[in-house]
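See structure below.
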Number of protein chains: 2
Amino acid sequence: MAAQRGRAGGPDADNAPTAEMPAVPAGAEVVRSRAAIPEAAVARLAVYLRVLSAMAEQGATTVSSEELSSAAGVNSAKLRKDLSYLGSYGTRGVGYEVSVLVGQIERTLGLTRQHRVAVVGIGNLGHALANYGGFPGRGFPVEALFDLDPDLIGVPVGGLPVSHVDDIPKVCAERQISIGVIATPPTAAQSVCDRLVAGGVQCILNFAPVVLQVPGHVEVRKVDLAVELQILSFHVARRADHVNNGSLELDGAGGNGVVVR
Amino acid sequence: MAAQRGRAGGPDADNAPTAEMPAVPAGAEVVRSRAAIPEAAVARLAVYLRVLSAMAEQGATTVSSEELSSAAGVNSAKLRKDLSYLGSYGTRGVGYEVSVLVGQIERTLGLTRQHRVAVVGIGNLGHALANYGGFPGRGFPVEALFDLDPDLIGVPVGGLPVSHVDDIPKVCAERQISIGVIATPPTAAQSVCDRLVAGGVQCILNFAPVVLQVPGHVEVRKVDLAVELQILSFHVARRADHVNNGSLELDGAGGNGVVVR
DNA sequence: TCATGTGAATTGGTTCACAGCA
DNA sequence: TGCTGTGAACCAATTCACATGA
């Protein structure tokens, strides 16, 4: 049933074989295939990639860990550690070549492949998603749309006609969809999910506020507005409590902002 | 500059006076602000809350950690640990009373307060958000909408007229907005963010693919479609690699699916 | 007897601090 | 001289396993 990977750093960690760590030879066997990049680092790599792309557009050819990390909102040690999972592509005393990093991150994230996307549920959100048109920075073309509403079937949205949810398995298989996006009401989500899985979809991005049950080989990520808002609510409440309790020291020495430390 | 709290278990930890573990003995009105619930647990509490609400609607009055955890897609040990941060509200040998749990989680997440929301950027996504109408399960009423487009100003969306982004500080202050939702194109996001902060907003939910810079007292959470898709892409690629490498042992003993372990 | 609640062990992730190299 | 790359130390989160109490 594969637990959701949602929000906060899903654990999961399939016994991923660890690094071919250059040094390793020591003992004996060990080693396996590729390197186990921590889940948390993967998420950040995607952010670095975006920042780097922006920098490249501005004509930058080189960046230091300091520059890149501050643009990405992390500290430089973490950035360097994250990049080290890719291998050693920096130049000591200098920094990283932007184009090299972009290439390596893309390769690592599997962005050299195409990942065909289907969107299910063409309501407000589904519309928004369908109109993203080719999704973020290409590589994720939307190739199928589905809904239940007879009035929508056949209507083109973002240039693509809507199909009926009953056809999900067939259409997904035909069009080799690898990522299914669920933007339906919660009640429909599980059955849609089952059909996507039947259609051979490997990953699901779920916007519906339900915990999906999927077979172990399917990867699920959840985007949950209510959860996000409630987490923010928690922080507001906590802050308010602190103030009430008079323990508003909070930023003790030097009154720096926060985070920093 | 407060790092983003985004995706995978934002660390960050504003120097939150962690574990001020109630040295406060058995004494009196324990409860109080209760210290340091791990960020990761907070996100899950929101999920438990939803599951519990659904159960309550179905008439359930009691639930065991086993039932609740499987419905929420986590293991029961984690669930019990999470609930223990709230205090001891279960009955050994029996389980938890649904209504008590709902109440405690709501209290902990600060859902007894109202959190007025503003949505900035009334495009496809902004429309979708505005029409959520009162956001997830009330408690998060949308009280202001903003856009740049003159054709939109004054037009009601989801029953609320759109104001101009220049008025963000004034309107947010007037209407006591505590949560700002940014659904603008990336280029506009930082300036919108600055205005929200000027308007006294305490939390920001950012859908724009940029890393926002905010003062330390403002909490930011990011929902980033591109990042989500790229993480999924990574997993697809990794899986493909494993197969190619013939190291598809992966599930050594017993050939269970994956994830599980 | 059974399921909660929780210390202790473990695992995963972050940060430090410095060796190594252009 | 810098800045990368990385062991080691540290801290957070998860899981284990069992004492506890209805």
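Each residue's number is its place along the chain shown, starting with 1.
Glycine too: its Cβ is placed from the backbone N, Cα and C atoms.
Note that TrEMBL annotation is computational and uncurated.
Small disclaimer: the values here were computed from a predicted structure and weren't measured.
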Query = With the ranges B:47-86, B:87-126, B:127-166 to choose from, which does TrEMBL describe as DNA-binding region?
reply = B:47-86
Remark   = Matching B:1-20, B:181-200 to TrEMBL annotations, region 'Disordered' lands on B:1-20
Remark   = Lying 6 or more residues past either end of the DNA-binding region (B:47-86) yet within Cβ distance under 8 Å of it, the residues of that chain are 34, 37-38, 41, 94-99, 101-102, 104-106, 108-109, 137
Query = Who sits close to B:Gly123 (NAD(+) binding site): which same-chain residues at least 6 apart have their Cβ under 8 Å from its Cβ?
reply = B:Asp147, B:Ala183, B:Thr184, B:Pro185
Remark   = The correct three-state DSSP answer for B:Gly123 (NAD(+) binding site) is coil
Request  = Against chain A, with Cβ pairs under 8 Å, which of the binding-site residues B:Gly121, B:Ile122, B:Leu125 show up? Give them in sequence order, please.
outcome  = B:Leu125
Remark   = The number of other Cβ atoms within 10 Å of the Cβ of B:Leu125 (NAD(+) binding site), counted over all protein chains shown, is 25
Task = Could you check the binding-site residues B:Gly121, B:Ile122, B:Asn124, B:Gly126 and say which one's CB has the fewest neighbouring CB atoms inside 10 Å?
result = B:Asn124
Inquiry  = On average, what pLDDT score does this prediction assign to the domain 'CoA-binding' (B:110-211)?
reply    = 94
